[in-house]
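A.B. asks: First the structure, then my questions, so here it is.
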Amino acid sequence: MKFKLGSPTDLEKLSQNKDWKELKNISSFFIFKLLILVFGILISTFFYQFIKEIISIREIYSTYMENWYLVFLLIPLHEASHAIMYPNFGFSDKIIFGFWPKKFVFYSYYDLPLKKNRLIIAMLAPLFILTVFPVLLISILELNYIYLAIIAILNSIGGAGDIFYSILVISQVPKNSVVKTDTARVFWKEV
Ligand SMILES: [Zn+2]
């Protein structure tokens, strides 16, 4: 794996290759971010319904405010959850972890084309590992573990972009395709 500070790879070359098509997305980055934020709040509200009898949002909010650094623990966990679904369980020099200060985006991607389904699994992995699984633990086992709840809720807000991108890929990319993304842009090609 490699670490990168700044924008992800420039996929300009791919955009000039007629075999590759770019995924259609919202053209304004600001509108995209706003939409993702609203979407994130909706998703976290949805997951909160399953744990609210055990841990209240007040408790989650006040504990998080006192332990705001938890978000910096969550980010590497989130990116690692994407990475383990890439070839070699994330132990490949084709995996890039990065931070893009200008857009305040943390990212991880696989630097080679992936099959459509593989990419969707990798995109959604953090949602299952860090939100669905903790929510099940809390609600089924009635586990009153506040830090688990904070991670689950925070991750569901932060993972909204992943869900949004998955929906775009599922709806636009044909079944037998490979997809290449650096998280900023997504290209696909039928094989
Ligand atoms: Zn993600």
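Each Cβ is built from the backbone N, Cα and C atoms, and glycine gets one as well.
Automatic, uncurated: that is what TrEMBL annotation is.
The transmembrane segment annotation in TrEMBL covers 26-48, 68-89, 119-140, 146-170.
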A.B. asks: Looking at the stretches 68-89, 119-140, 146-170, which one shares the most CB pairs under 8 Å with the transmembrane segment (26-48)?
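C.D. replies: The listed stretch sharing the most Cβ pairs with the transmembrane segment (26-48) is 146-170.
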A.B. asks: Report, as numbers and ranges, which residues of the same chain sit near the transmembrane segment (146-170): CB under 8 Å and 6 or more residues beyond its ends.
C.D. replies: 23-25, 35-37, 39-41, 43-44, 46-48, 51, 55, 59-60, 63-64, 67, 70-71, 74-75, 77-78, 82, 116, 119-120, 123-124, 126-127, 130-131, 134-135, 137-138, 179, 186, 188
A.B. asks: With Cβ-Cβ distances below 8 Å as the criterion, list the same-chain residues six or more beyond the ends of the transmembrane segment (68-89) that contact it, or say none.
C.D. replies: 1, 95, 97, 106-108, 110, 114, 118, 121-123, 125-126, 129-130, 147, 150-151, 154-155, 158-159, 162
